[in-house]
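The structure appears right after this line, and notes come after that.
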Amino acid sequence: MDMSFGSESGLERARKRRRSNGNENIARNGEKEINIQVVVRCRGRIDREIAANSPVIIKTTPREIYVKQSPADKTYTFDKVYGPEADQAKIFDHIVVPILHEVKAGYNCTLFAYGQTSTGKTYTMEGDLNTTDGSINKDAGIIPRTLFSLFRDLEAETQDFSVKVSYIELYNEDLKDLLSSTDDPRKLKIQDEGTKKGILTGHEEVLVKNAADGIRALKQGSIKRHASQTNYNKNSSRSHSVFSITVHIKETMPDGEDLLKVGKLNLVDLAGSECIGRTGAENNRAKEAGNINKSLLTLGRCINALNERCLHIPFRESKLTRLLQDSLGGKTKTCIIATISPAKLSYEETISTLDYAHRAKNIRNKPVANQRVTKKALIKEYISEIERLKMDLQAAREKNGFYMTHESYQSLIEENRSRKDENEDLRRVNESLMVKVQELCKENTMLESSRNELENKCTKMQIYQTKIDEQISSVVTETQGHVDSQNQAISACQNIVKEVTDTEIRRLKEHNALLTKIIEEANSRMVLMREELLTNISTYISTNLNNFTNVQAESLKSSFGKVHDSIKENVDYILFFLLEQICRFSTNVLLCLTLKIPIGLCREANITALEGMMTSNTKYFNNLKVKLDKKKF
């Protein structure tokens, strides 16, 4: 028997061998690209997380997940999101029932669970396999519920159908048939040629007549599956598993012709990704974890490459990705269930799972229904295939020619020609890519030239910038010199002021006192001279009063009035002159301080000037006295 995530039957293989064009035996009508459906299921906290007092950091809505983190929460959007309140029945009804309708319509579908270890993948896919009175347990997972629902629908809708199941394990990159009575891994092979890519051959498919038979086969295989205890999970799956259900449904057309529909559902339970240090894996457990992480890493790389529309997808780097090749970017309808923990303890693993699932959302498949085949055509094809095999066997026994019939040889020639055509197509694609490479080289040359021009401009700009910096530096230096010289001048002025010693200040005070004394003496002398003059005048008047006539009296009065006014005017002038000399002396003192001229010289000059003024005033009063003595009335 053979297994394929593209569901290739023996009839289809026979027909492919006889078709020279090498086309796939599927209907092309109505092909349409659709995105992979991604669903997230968050379980509740388990005992280990509660004991560690690890808080809940996950909040869910029907389509979004909020992860609490600093400095801001992170939000993811998916097709559907389920929190801890969602039970097994709800998950099945919302996610799997629509997929079952597609399987019965003749499509190949894949549903796989991905997530950190101990987040509920196996519980979601298998759950409790025990039945009560022919009914499933409330904790039953997707696989048992699928079997019960499928048989219930098929028995109600049609009377002619058949269901086969297979169960494959991938452990440490080795394939194992969990339903086979013998453990010969050499029989299991994954095809890589042409349209057979990802097809598994050599495994057993078990015909099941009801859901109980299917669950019995599931239990039989689960017992053989590798599992062990880790720090995170008492019964951790150490392998990937694929439980496949193939459905053949016969339909009778109005004209009485029978048509056969073939649909397939692959239910994949991936081993949990884990941190070896945190799960406590050692020796064989560590080797298992390393292989698990390697295959999941390759799966993640394939998802990234598909998401980025890369030309090369690294499917061949792991047997897991080779098995899932048609489910990722192929002709299968695919749904991913990502399982996560709500606890902060698993924050890093949760973010990794959500990022992984979020990238997978963008992968687009082009699902197509398998071609419907009539019963007569099916029998005819089988008869032709049997006859061809008989002839090949006979030729091999007789060792005639190439040990095969001429017809088989021609079939190989035609297949070879088809491969040559494919090679020619690839050559054209290669030439097209070479043209693009040349165009890119030209564009790269232009960009390199532009880059060189920009570098030259940058060099010139740097030189110009250097010159500007030098000029600025020169101006700054010159300005700093001016500032320094001004600071020196200010400092010199401050030093000049400081050089006015206490002795010079004391001499200035003495000079002021001397000036005050001279002014006071001048005033006293002027007062005495005035009093003496007035006394002489009074005596003179008294002596000669009898000799005055009225006319002379008036003339004398007038003369004395003029003399009085002249004396008053001269006294005012002397006072004004003294004040002017004092102000001028003060100005001279400040000038002496500024020019560093000793104050003593300034004082002597001013005393000389004042003494000259006093001598001049004395002469004036003496002359006035003589004039009065000689005056004739």
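The backbone N, Cα and C atoms fix where each Cβ goes, and this holds for glycine too.
Copied over from TrEMBL, here are the features:
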{"type": "BINDING", "residues": "Gly115, Gln116, Thr117, Ser118, Thr119, Gly120, Lys121, Thr122", "note": "ATP binding site"}
{"type": "COILED", "residues": "379-457", "note": "coiled coil"}
{"type": "DOMAIN", "residues": "35-363", "note": "domain 'Kinesin motor'"}
{"type": "REGION", "residues": "1-26", "note": "region 'Disordered'"}
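Projection of TrEMBL feature records onto the structure.
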| residue | record | Cβ within 10 Å |
| --- | --- | --- |
| Gly115 | ATP binding site | 29 |
| Gln116 | ATP binding site | 24 |
| Thr117 | ATP binding site | 27 |
| Ser118 | ATP binding site | 26 |
| Thr119 | ATP binding site | 28 |
| Gly120 | ATP binding site | 23 |
| Lys121 | ATP binding site | 25 |
| Thr122 | ATP binding site | 25 |
DSSP three-state call for Gln116 (ATP binding site): helix, strand or coil? strand
